[in-house]
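Working notes, structure below.
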Amino acid sequence: MSVSPDRELDALEQDVALEQQYVTTLYRKLDTERVDAQRRLDETLRLTGGTPQARTERDVATTLYTDRLSQLSSVEQGLCFGRLDFLPDHAEETTYIGRLGLFDEDDDYRPLLVDWRAPVARPFYLATAASPEGVRRRRHIRSLSRKVVGVDDEILDLSAADQGQDLGLAGEAALLAALERRRTGEMSDIVATIQAEQDRIIRASPNGVLVVQGGPGTGKTAVALHRAAYLLYTHRQQLTTRGVLVVGPNSTFLRYIGQVLPSLGETGVLLATIGQLYPGLDAAGPVTREAAEIKGRPVMADVLANAVRDRQRVPEPVLEIEFEREILMLDRKTCTEARTRARRSRRPHNLARRIFVSDLLDALTRQAARKLGEDLLDARDVQDIRAEVAADKNVAAAINGLWPKLTPEIVLDELFADRERLRSAAGKALSDTDREHLYSPTDAKWSPSDVPLLDELAELLGEDDTDARAEAARREREDRAYAEGVLDILEQDEEIVDEELLRVGDVLDAELFAERQQRRSEMTAAQRAAQDRTWTFGHVIVDEAQELTAMDWRLLMRRSPNRSMTLVGDVAQTGAAGGAKSWGEVLSPYVADRWRLEELTVNYRTPAEIMAVASRVLADVNPELEAPVSVRETGFEPWLRAVAPAELTAELPGLVDAELSAVDGGTVAVLCPSSLVPALSETLGESGDRVSVMPVERAKGLEFDSVLLVAPDEVVAESPRGLNDLYVALTRATRRMGVVQTGDLVPALRLMD
Ligand SMILES: Nc1ncnc2c1ncn2[C@@H]1O[C@H](COP(=O)(O)OP(=O)(O)OP(=O)(O)O)[C@@H](O)[C@H]1O
């Protein structure tokens, strides 16, 4: 007997009502926790004055409650999104899955809601009909604000084994609903619909280098960010002190992904571009493609080492120095010996300088002593003379001329501004043309490709920071002793603690206090990491990793000496001339073949109709590469339209308007060659926030409801990896795509006609 549609509807309504009841309880619990955290925070903030210890304690409590409050408010949307019902003989009971864990304190801390990252939540992502892991039913709960608007059930028995199993999708209905949602210009999290192949990567061990290779739209960025959240939850102890770094290709991309981690309740991750990894700089200056490629070559490490050596000079043949009406001499031999000794120390330039200076001061002191009558002087007199020689301005100027104290900025600036310096440092490593591309006589802004060079120079030059380090260590010792003192006093002398303080004291048992201290140092760690070039991270995640050059990798590997890294990317999308052709080639200098590869194969973004066009381009890039399989069709065929170049600016606004209404509140991107960006931006200037105009390289990692690709032939011609760029452009759309052709037809697009 078949069930009538009305009966089904009733059952569905009943289920929704049932889940609404439970979800309402959860929100009530969330509200109570918020009120409690807010009350404690207010109480803490109201307290003023008191002993220094009391102030320290208040700071700690303030940070604790502020953090808790921001975590509790970050989970407001979609607090609970799943439910698992297990088979009768299974140990687990019905479990609700959500963005954070909530417990019933009055019932022995029974879990009311399980954090998606907890091991018990795993079957929600992994269970299949063929391998149900004890799960009878998986339910996706869809909500709008606090209202449950629907449930999607999957019964995991073998009769359902063939449904959605060709791509191995879990929670297909919920997944498709998520994918069809309009794009807002900001990436959203995917906690409710993580797929099994993604889950395995998110929860993989943090040890060693994990490479995640996947075509466009396979969720690499989503996986990378959820992995950061998962690692912080699961390995918090190890990761709090050193922090997690997520590197993205440019600031547009970082803005696009910026909300994902906060929506998962994690704020302790440093998001940065390579251009932001040199403290004090946000290097975003322009650079030509040729210069960027040359600056990224591994041989630049030798060029820079030579540039520093070139700054360690000896006189030709002698240097005369006026010292207290006498003339002292520094000859070539003495200086060469001092230089050799300093270089042999293998210390960086600014630290080895001490050896060089000391040897020259010895030589000059001997000369000065001889002139004053050596026989009449005792050791103490000689010491005094040495001090005078060392303090003399002429001596200092002469020595500085031979072995100056240097900063990375000065060396790089002066190297690029001087053809002779460039020629000497480059030797045979760079051709005449290469050097001309690097030559830049005017004060240019630092570009992202200068940052790894500055970082390399900072290593070669070193910094004499002995005093600063001693001071920092002293302050840290003091802070620690101070914090321990707070606890001692609280424990030993309860009388001095008034009632309100005690309430704050409630939460400051030794364990919590220690943890808090650790978390505090993590917070300052994230800030300190941003300011400290020598900071090393607990885990480093790199998105669009295929774009990094050899010099970028050198910088990142210095930030990750434990090689605990997740690198996500797609070698078929490499646009940068210095970027990766294969992962093995990139990684072998650092970890030989000790890296693991995981692949993602399903495209969640681009509909099958658009992917059919993109796949033809991919075949032209390299017939051996396979495009990922699209998870859905939209029934919409991408279109191609020929427009005369002179008509482009007149025609484009109309085409964009048509797309805007077709995507009904969604986003439209006009992707074009860099040369057309200014003109097209001006033409479309009034189109509002939902329309963006950008060169293809800027669109890497982003997505839009509709994409208009303008002048594909020029996109291809513009770069040595133009076909890769075309592939990137054709895989940015979630719903619609059109090509506006102004010149020759690119062969792979012929079938669109
Ligand atoms: N399991 C999932 N559930 C819901 N949405 C998903 C899932 N996996 C990926 N998506 C969505 O698919 C789109 C593409 O994901 P993402 O940007 O992470 O892919 P990518 O592999 O980094 O792509 P590209 O290489 O083109 O930058 C995003 O909108 C993302 O939210």
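Cβ coordinates come from backbone N, Cα and C, glycine included.
As written in TrEMBL, here are the features:
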- 193-607: domain 'UvrD-like helicase ATP-binding' (DOMAIN)
- GLY214, GLY215, PRO216, GLY217, THR218, GLY219, LYS220, THR221: ATP binding site (BINDING)
* Could you please provide the mean pLDDT value for the domain 'UvrD-like helicase ATP-binding' (193-607)? => 85
* To do: List those of the binding-site residues GLY215, PRO216, GLY217, GLY219 whose Cβ lies under 6 Å from any atom of ligand 1, in sequence order, or write none if there are none.
  => PRO216, GLY217, GLY219
* **Spatial neighbours of PRO216 (ATP binding site) that are distant in sequence (at least 6 apart) but have CB under 8 A** => ASP570, GLN573, ASN603, ARG605, THR606, ALA614, PRO628, TYR727, VAL728, THR731, ARG732
* Structure fact -> Cβ contacts within 10 Å for GLY217 (ATP binding site), all chains included, total 28
* Enter the number of other CB atoms within 10 angstroms of the CB of GLY215 (ATP binding site). => 27
* To do: Give the sequence-ordered set of same-chain residues, not counting GLY214, GLY215, PRO216, GLY217, THR218, GLY219, LYS220, THR221, with Cβ within 8 Å of the centre of the Cβ atoms defining the ATP site.
  => ASP570, LEU600, ASN603, TYR604, ARG605, PRO628
* Asked: For GLY214 (ATP binding site), what is the secondary structure by DSSP, using just helix, strand and coil?
  -> strand
